[in-house]
């Protein structure tokens, strides 16, 4: 079993392992010809569809401050950067329900504070992400990822259960309250139609 928290060892091992096959990861895709089209299409839709659905949910939860277009753009940019640096062009990278919950909680927190408010939400969220990145880099440098061998399969299964329960909660919430929102949209649209006719 590996010793925990050996600084830079994990990064060195990753670099050594990736450099041996980095070039082949890219040239192999080009030499595959038309056969690469099916997995590329699959990965594109496997990445885009959840981003669109979660982006719509975030747009609704943040009063339109974070939109589906922004989610698609950020996922594309992060995916391209990660693929180039890591040399894994067919990697699925995207948003998940816990991310939506965190941003929703952060928006509700910022909205209630007079010193933040919705206007400073994006800037505040950006700084939260910068500090999160700093802490993740620090954990990586310290070799904290070697602690993963202490976890059993139950941890992954519990996380999967959490995701499933969050999806069910969202579906039930939409079923119960979605009709009210659709009726309000119809009423608002009808009132706009009446005003424009008169």
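Quick reminder: no glycine exception, Cβ is built from N, Cα and C everywhere.
The annotation domain 'Bicarbonate transporter-like transmembrane' is assigned in TrEMBL to 8-178.
What TrEMBL lists as transmembrane segment is 32-52 (among others).
The transmembrane segment feature in TrEMBL is assigned to 64-85 (among others). Beyond the ends of the transmembrane segment (64-85), by six or more residues, the same chain brings 47-48, 51-52, 54-56, 58, 91, 93-95, 103, 107, 118, 121-122 to within a C-beta distance below 8 angstroms of the stretch.
Same-chain residues lying 6 or more positions outside the transmembrane segment (91-109) and placing a CB less than 8 Å from one of its CB atoms are 43, 46-47, 50-51, 54-55, 57-58, 61-63, 65-66, 71, 75, 78-79, 82-83, 116, 118, 121, 124-125, 128, 162-163, 166-167, 170. The feature transmembrane segment is assigned by TrEMBL to 91-109 (among others).
Under the heading transmembrane segment, TrEMBL lists 121-142 (among others). With a threshold of 8 Å between CB atoms, the same-chain residues lying at least 6 positions outside the transmembrane segment (121-142) that come near it are 5, 7-8, 10-11, 62, 65-66, 103, 106-107, 110-111.
Taken from TrEMBL, the feature transmembrane segment covers 154-172 (among others). Beyond its flanks by at least six residues, the transmembrane segment (154-172) meets 57, 96-98, 101 of its own chain at Cβ-Cβ distances under 8 Å.
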